[in-house]
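Accompanying notes for the structure given below.
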Amino acid sequence: MGSNSFGRLFTVTTFGESHGPAIGCIIDGCPPGLEIAPEEFTHDLQRRATGKSRHTSARREADEIEILSGVYEGRTTGTPIGLLIRNTDQRSKDYTNIAQQFRPGHADYTYWQKYGIRDPRGGGRSSARETTMRVAAGVIAKKWLKQRYGVLVRGFLSQLGEIRPTGFDWDAVEDNPFFWPHAAQVPELETYMDALRKSGDSVGARVDVVAGGVPPGWGEPIYGKLDSELAAALMSINAVKGVEIGDGFASAAQKGTEHRDLITPEGFLSNHAGGILGGISTGQAVTASMVLKPTSSLRLPGATVDADGAVVDVITTGRHDPCVGIRATPIAEAMMALVLMDQALRHRAQCGDVGEVSPLIPGQADV
C-alpha cells in the first residue's frame with residue numbers, strides 16, 4: 001500500500017501534485033456532529049500560503065476549500081470527509097529546461113530511482129504544495145480538540161539561519177510574516193531575508209510547536225508512543241531533517257537531577273520531557289521542535305547529472321521559498337493536531353471506562 005495515509009482511527013489521505021489540476025484529501029473517522037464551514041479553513045490556509053510577503057515564493061493560489069462529502073447542513077456526519085482545492089497558478093514552463101536533470105538536495109533523483117518516472121513540474125508530489133491539505137485536515141482536528149478537551153495547538157519560528165528570538169510574546173507570532181515571537185527583531189529578519197534573496201541562496205530554520213491542555217493518558221506504551229508518532233508526523237513534512245521532543249538533544253548534556261521533572265501536588269516543577277513520559281501524555285504541555293533544511297531549488301548553478309548520466313550544471317528558475325521554514329509553522333501545528341486527535345480517539349476507545357485517577361497533577365496553566 002502506498003504511504004499516502006496517516007493515522008489509525010482518525011485518518012487523512014492526501015492526493016495531488018504541485019502542478020496538477022487539484023490537490024485534496026479524504027478524512028475518515030471524524031466524529032459526527034462537529035460544526036464546520038468552508039470559511040473556517042481560510043485562516044490557517046492563508047497562514048501557510050505563498051505570495052503573502054516578499055520573503056516566500058511568489059506563487060499565488062486562492063486555496064479555496066471545496067467540501068465534497070461528509071458534511072451535511074454544516075455538521076460532520078461521521079462519514080468520510082472529502083476536501084478539494086483547485087490549483088490555479090501553476091507555471092510549468094519554468095521546469096522545461098530541468099525536466100531531465102536531478103536537482104541536488106531535491107527528491108528528483110530518489111523519485112526517479114523508486115518509480116522509474118516522475119512529474120518534474122514544481123516537484124510533483126514531493127512539493128510542499130501537498131501540505132496544504134494537511135493544514136486543511138488540521139483545521140478540523142484543532143477545532144475538535146479545542147471543543148472536546150480545551151486543547152490549544154500553536155507554533156512559532158524559533159530560529160532562522162543563525163538568528164534566534166531574544167524575547168517571547170505569543171501575541172507577536174500572528175502579527176508578522178515570520179511567525180516570530182519577538183516583534184522588535186522583525187526588521188532584522190527582513191533585512192537578512194532581503195539580502196539572502198538577492199544572493200540567490202537559501203537558509204534553514206527551526207519551528208517549535210506546543211499543545212496546551214492535553215489531558216494525561218494519551219499515547220501507547222510501546223509502538224504507539226505519543227512522542228514516536230509525533231516525531232514521525234513532523235519528520236514527514238517536506239525538508240524536515242530533525243525533530244526534538246521536549247529538551248530533545250540537549251538532554252545529552254544534562255544530568256538526571258536536572259532533566260527529571262520533579263512533581264508536587266501543585267504541579268510539575270519543569271517540563272524537560274515535553275509533556276510525555278513512557279510514550280503517554282503527562283498533562284503538561286506537549287512540546288516539539290523540528291529543523292528544516294535550506295531550500296534546494298536555487299538560482300545559483302550546481303553540479304549534477306541528467307537522466308542520461310551526463311554531467312550538467314542545474315539552475316532552477318521557478319518560484320521558490322528562500323526559507324521553507326517561514327511557512328512551516330501552520331504545517332507543524334496541523335500535524336501535531338492530527339496526531340493528538342488520533343491518539344485521543346484511540347484512548348477513548350480503549351480506556352473510556354477508566355475514570356479520573358488520583359492524584360491528578362495539574363498541568364501548566366499557560367503555554
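Quick reminder: no glycine exception, Cβ is built from N, Cα and C everywhere.
Look at Swiss-Prot and you will find ARG48, ARG54 tagged as NADP(+) binding site, backed by sequence analysis. Taken from Swiss-Prot, the feature FMN binding site covers ARG125, SER126, SER127, ASN238, ALA239, GLY278, LYS293, PRO294, THR295, SER296, SER297, ARG319.
Projection of Swiss-Prot feature records onto the structure.
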| residue | record | Cβ neighbours (10 Å) |
| --- | --- | --- |
| ARG48 | NADP(+) binding site | 23 |
| ARG125 | FMN binding site | 20 |
| SER127 | FMN binding site | 20 |
| ALA239 | FMN binding site | 21 |
| LYS293 | FMN binding site | 17 |
| THR295 | FMN binding site | 23 |
| SER297 | FMN binding site | 27 |
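Recorded residues THR295 (FMN binding site) and ARG48 (NADP(+) binding site) have their alpha carbons 16 Å apart, per Cα-Cα distance. For the pair ARG48 (NADP(+) binding site) and SER127 (FMN binding site), the C-alpha distance works out to 14 angstrom.
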